[in-house]
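Peer 1: The following block contains the structure, expressed as C-alpha cells.
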2 protein chains.
Amino acid sequence: MLGQLTRSPASLAGLRSSTQLVARLSQSSRPVRLHRAITSAVSQADQEATAASTAAAVQQQQQSSSPDGTGTQQQAQQRKVGAAGPRTSSKEMVDTSPPRGTRDFYPEDMRLRNWLFGEWAAVAQLFGFEQFDVPVLESEELFVRKAGEEITDQLYNFQDKGGRRVALRPEITPSLARLVLGKGKGLALPAKWWIVGQCWRYERMTRGRRREHYQWNMDIVGVPGVEAEAELLAAITTFFSRVGISAADVGIKVSSRKVLAAVLERYSVPPENFAQVCVIVDKLEKLPRDKVEAELAALGVSADATEGILSALSCRSLDQLGELLGPAGHDALGDLRQLWALAAGYGFQEWLVFDASVVRGLAYYTGVVFEGFDRAGQLRAICGGGRYDKLLGTFGGEDVPCAGFGFGDAVIVELLKDKQLLPALTQQVDDVIMVMDESLRPAACGIAARLRAAGRRVDVILEAKKMKWAFKHAERSGAARLLLVGGGEWERGAVAVKDLASREQTEVPMDQLA
Amino acid sequence: MLGQLTRSPASLAGLRSSTQLVARLSQSSRPVRLHRAITSAVSQADQEATAASTAAAVQQQQQSSSPDGTGTQQQAQQRKVGAAGPRTSSKEMVDTSPPRGTRDFYPEDMRLRNWLFGEWAAVAQLFGFEQFDVPVLESEELFVRKAGEEITDQLYNFQDKGGRRVALRPEITPSLARLVLGKGKGLALPAKWWIVGQCWRYERMTRGRRREHYQWNMDIVGVPGVEAEAELLAAITTFFSRVGISAADVGIKVSSRKVLAAVLERYSVPPENFAQVCVIVDKLEKLPRDKVEAELAALGVSADATEGILSALSCRSLDQLGELLGPAGHDALGDLRQLWALAAGYGFQEWLVFDASVVRGLAYYTGVVFEGFDRAGQLRAICGGGRYDKLLGTFGGEDVPCAGFGFGDAVIVELLKDKQLLPALTQQVDDVIMVMDESLRPAACGIAARLRAAGRRVDVILEAKKMKWAFKHAERSGAARLLLVGGGEWERGAVAVKDLASREQTEVPMDQLA
C-alpha cells in the first residue's frame with residue numbers, strides 16, 4: 001500500500017492537517033486533481049464527524065487526540081511530520097498519528113500514566129483486592145443491551161474473518177460477569193477483584209472526547225449488603241486522599257435505584273421497563289426536561305408516574321425521601337442510612353452527598369449508585385459505580401450480588417492538573433557510564449553489569465560522544481552519577497565518578513565501586 | 001440477541017463442546033433439527049480451522065484456549081457452563097469463554113503474569129530504558145509488507161465504521177517506528193525504549209498456538225554499532241539469570257543478515273529482493289529444502305546463488321564464515337567479532353552461539369539477528385531480535401539505525417514450568433478483619449482505615465460469617481493476622497489478634513494496633 005496514494009484512499013483517513021495532506025499528495029507518483037483529492041480525502045477521514053467545516057474538523061481532532069488534553073505536543077508533532085514530508089522523495093510518509101481518537105504514550109506521558117496506575121494498584125492492594133485481566137476484544141453479544149445506553153450505542157465493533165461479531169470492550173463489567181459465570185460454583189465468594197484496562201467507544205468525535213480511555217475497576221462479587229458499596233467508596237476516597245485531593249475538591253453523589261423502583265412500582269410501570277427508565281432519566285442533566293418526559297411517555301410511562309419520578313429525583317435529604325416514598329422507600333432508605341453509618345466509621349462521610357438525581361447511565365444497576373464529581377462543577381463525572389445484582393441473570397446465569405465502580409484516566413488527570421497536583425516525574429536512572437577510550441568498552445560493559453547486579457539502574461552511553469554531551473545527557477536523565485571509564489584513573493585501576501548533584505568528581509577504585 | 005439462538009448464528013461461534021451445544025439448543029424456543037443445527041453451528045465456529053472432524057476441532061480449541069497450555073482449568077469451566085445450562089430456563093447462557101484463541105487471567109493466572117512482567121520491567125529499568133505505549137489498534141498500513149512474512153499474512157484486521165482499515169497489532173516495532181517518525185528531530189537520540197504489549201494474529205487455530213500473546217520489547221534507536229545489540233543481549237541474559245535460567249538451559253543463536261547480503265551481492269541478486277529472500281530462507285527449519293529452493297527460484301534467484309546462500313547459512317564458526325565470504329564478509333565478521341568481545345566484557349558470552357542459519361522471519365532486519373532457544377530443543381524460539389536500520393525509510397521517513405528484540409510470554413512460561421522455576425505466588429494480604437457483632441461494623445471499618453493508612457493490606461470480611469469460615473478465608477488469602485472486632489476484648493477497648501503462622505491469639509489495645 002505504501003507509495004500508492006491514489007489507489008489507497010483508506011491510508012488517507014488519518015490525515016490531520018492540510019499542510020500534511022498537500023505534502024503527501026505532492027509526493028504521489030500519479031497526477032491528481034488536487035482540490036478534488038483534498039475534498040474527498042478529508043470527507044473520507046471525517047465522514048462521521050459532526051463538524052461542518054474541514055478546518056474545524058482538523059482543529060478538533062488535534063485537540064482531542066492529545067495525550068493530556070492540551071494538544072500542544074501532538075500538534076507540534078503534526079507540524080513536524082508535515083515539514084518532514086518533502087525531504088523524503090521516494091516514499092509516501094505513513095500517517096504518524098495514532099488511530100483517530102486514540103493516544104500514544106511517549107516516555108514522558110507514560111511516566112504520568114504509570115504513576116496514576118501505580119496509585120490505583122496500591123489502593124486496590126491495600127484493600128485486599130486481587131487483579132484479573134480479560135481480552136480487550138470480546139464477543140459483541142456481551143455488550144448488546146436494549147436499554148439505549150450511550151455505552152452500547154457507541155460499540156467499537158467489527159466482524160472478524162471467521163464471521164464472528166466482536167467488539168473492543170466499552171467497559172469491563174460484562175467481562176467480569178463472564179469470568180464469574182465461567183467459574184460457576186468453583187469461584188470462592190466473595191470475590192474482590194480489580195483491573196485497569198483500556199475501553200473503547202466508537203462515537204462521533206467531539207471536542208475533548210476520545211475513542212479510548214483506561215479505566216480502573218474494583219468489584220465485589222457475592223456481598224448483598226451495602227458493606228460492599230462502603231468498602232468501594234472507601235477505596236475511592238483513599239485514592240483521592242493519596243493524590244492530594246480533599247473532600248473540599250471532590251464529592252461523591254450517592255443514591256439508590258431502589259428509589260426509582262419504588263416510584264415505578266407505585267405507578268405500576270412494569271419492571272422490565274426499569275432499566276430503560278433509568279437510562280432515560282439519567283439524561284436529565286444533558287437534555288431538556290420536556291425531551292426526557294417525551295422519551296418516558298414513548299415508553300408508556302404515564303404523566304403521573306413521570307411526575308412522581310422527577311419529584312423523587314429532586315430529593316436532597318434522606319428524611320425528605322422517607323416522607324416522599326413512605327413504606328415503599330423502606331429498603332432504599334435503610335441501605336442509604338447504613339451506608340452513611342459505615343462511611344462515618346471509615347471516616348469518609350464528608351465526601352458523600354445524598355442526591356436522588358444520581359441514576360447513572362448503565363442499564364444494569366439495581367441498588368446504590370454513586371458518582372464522583374468536582375465541587376467546582378467544571379468537569380464531567382470523575383468516577384461512578386453501584387450495585388448490579390441482576391447482570392449475571394441477564395447473561396443466563398444465576399444472579400449473584402455484585403457492586404463495583406469504574407474510574408477513568410481522563411477526568412482525574414484534568415482535575416489533578418487544575419489543582420497542580422500532578423507530580424513532576426523524571427526518568428529514573430542512577431548511573432550513566434561513559435567510555436573515554438573505545439578499547440575499554442568491554443571493561444565498561446563489565447562495570448555496568450556489576451552495578452546492575454547490585455540493583456543500580458545504569459545507562460551506558462553506547463557510542464563515542466563528547467564529554468559535554470555526556471554531562472547534558474546524564475543530567476537530563478536524572479542520574480545521580482556519571483562514571484568515566486578511561487584516562488589516568490583507569491591506569492590506576494579506578495574510575496572517575498562525578499556526583500551530578502554536588503558536581504564533585506572523585507576517583508573510585510574498581511573494587512570499591514558500588 | 002440474548003435468548004434468540006436460532007436467529008443469531010454468530011452467537012454460536014464460540015461453542016466449545018457438543019454437551020454445551022446440545023444444552024443450548026435444547027433451550028431454544030423454536031424447534032430445530034438438531035443434527036443440522038450442530039453441523040452448521042460447528043461449521044460456523046470452525047470455518048477457518050484445519051481439523052477434519054468436529055471432535056478434533058473441539059479438542060484442539062480446548063487445548064489452545066487454556067491460560068497455561070494445559071487446558072485443565074478451561075475444560076473444567078466448559079463442563080460447568082454446559083451443566084449450568086438447564087438450571088436457567090428463561091435465558092440462553094452467554095458463551096463464558098474468551099474469544100477463540102485468547103486468554104482470560106483469573107487472579108491466580110494474573111499473579112504469574114504480574115511476576116513475569118515485573119521481572120521484565122525490572123530489567124528494562126536496570127538498563128535505563130524508558131517505557132512507552134501505543135494503541136493496540138493501529139492503521140493497517142503500518143503492517144502491510146510484501147515480503148510474505150507469516151506475521152503480516154496473519155493480520156487481525158478489520159474495517160471500522162468510518163471505512164478505515166485497522167488492525168490489532170501483530171507486533172510493536174512498526175508502532176515504535178511511527179512514534180520515532182512522529183517526533184522527528186524533536187526526539188533526543190539515542191532513545192532506549194521498552195514496552196510490554198499484547199500482540200494479535202489471526203491464523204488457523206492449531207495445537208498450542210493462540211491468537212494473542214504479550215510481548216516484551218526493548219529497542220535502541222539511533223545507535224549504529226553493535227554496542228546496541230550487545231546491550232540488548234545483556235538485558236535478555238540478565239532476565240534469564242534473574243528467573244533462574246542458566247546458559248546451560250538456554251542459548252542465543254546469533255548471526256548477521258550482512259552474511260546473506262554479501263552472498264546475494266556476489267550473485268547479483270537485486271537488493272530489493274533481500275527481504276523476501278530472508279523470509280524464504282528463514283523457513284528452512286520448517287519446510288523441506290527443495291520447497292525453499294523452489295521459492296527462491298520463483299523469485300528469480302539462480303541455482304548458483306541458492307547454493308551459495310545455503311552454504312553460507314551452514315557456517316557454524318566465524319573463521320569458517322570469514323573464509324567463505326572473503327573480503328565481502330568483512331563487515332558482517334567485524335560486527336560479530338565486536339559483539340563477542342562486548343559479550344565477554346558483560347560476562348554473557350557463554351550464552352552466545354554463532355549460527356549463520358539464523359535469519360529471523362521479519363522482513364525489516366538488516367544486520368545482526370539473534371534468537372533465544374532452549375538447548376534441550378523442545379520449544380519454539382523464546383525470543384528474537386536484531387538490527388533494522390531501514391524500517392523508517394520504508395515508512396517514508398529518514399532512516400535511523402535501530403535494534404531491538406521481542407520476547408513473548410508463552411514459551412518462557414513453558415520453559416520455566418518444565419524447569420520448575422515458576423514461583424509459588426499467593427494472594428498478598430496482611431490482615432483480615434472480622435466483625436463479631438454487626439453493631440461494631442463502623443468501628444471495624446475505622447480500624448481497617450487506620451491499618452491501611454499505615455500501609456497494611458487489609459481484607460475486611462463484609463458479611464456476618466462463622467468463625468471457622470473466617471479462619472479458612474484468612475489462611476487461604478495468605479494473611480499474617482486475623483483481627484476479631486467484638487466480644488470481651490472490645491469491652492476492654494481492645495481487639496483479639498490471631499497470628500496465623502503461630503496460631504497464637506493476643507489482645508491488642510486499640511491505641512496500640514498497627
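Using the three backbone atoms N, Cα and C, a Cβ is placed for every residue, glycine included.
Please treat TrEMBL annotations as automatic predictions, because they have not gone through curation.
Values in this document were obtained by computation on a predicted structure and should not be read as measured data.
Okay, so TrEMBL annotates it like this:
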| type | residues | note |
| --- | --- | --- |
| BINDING | A:GLU171, A:ILE172, A:THR173, A:ARG201, A:GLN215, A:ASP219, A:ARG360, A:TYR364, A:TYR365 | L-histidine binding site |
| COMPBIAS | A:53-75 | compositional bias 'Low complexity' |
| DOMAIN | A:100-442 | domain 'Aminoacyl-transfer RNA synthetases class-II family profile' |
| REGION | A:53-105 | region 'Disordered' |
Peer 1: Among residues A:GLU171, A:ILE172, A:THR173, A:ARG201, A:GLN215, A:ASP219, A:ARG360, A:TYR364, A:TYR365 annotated as binding L-histidine, what is the maximum Cα-Cα distance? Answer in Å.
Peer 2: 22
Peer 1: Which of the binding-site residues A:GLU171, A:THR173, A:GLN215, A:ARG360, A:TYR365 have a Cβ lying under 8 Å from any Cβ of chain B?
Peer 2: none
Peer 1: Looking at the domain 'Aminoacyl-transfer RNA synthetases class-II family profile' (A:100-442) alone, can you tell me the average pLDDT?
Peer 2: 95
Peer 1: Check A:THR173 (L-histidine binding site) against DSSP and tell me helix, strand or coil, would you?
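Peer 2: It is helical.
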Peer 1: Using Cβ-Cβ distances, find the residues under 8 Å from A:TYR365 (L-histidine binding site) that belong to the same chain and are at least 6 apart in sequence, listing them in sequence order.
Peer 2: A:ARG257, A:CYS278, A:VAL359, A:GLY386, A:ARG387, A:TYR388
Peer 1: Just to confirm: which same-chain residues, 6+ apart in sequence, have a Cβ under 8 Å from the Cβ of A:ARG360 (L-histidine binding site)?
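Peer 2: Correct list: A:CYS278, A:ASP282, A:VAL369, A:GLU371, A:GLY384, A:GLY385, A:GLY386.
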Peer 1: Within its own chain, what residues at least 6 apart in sequence put their Cβ under 8 Å from the Cβ of A:GLN215 (L-histidine binding site), listed in sequence order?
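Peer 2: Set apart from A:GLN215 (L-histidine binding site) by at least 6 residues yet with Cβ under 8 Å, we have A:GLU171, A:ILE172, A:VAL196, A:GLY197, A:GLN198, A:CYS199, A:GLY406, A:PHE407, A:GLY408, A:ASP409.
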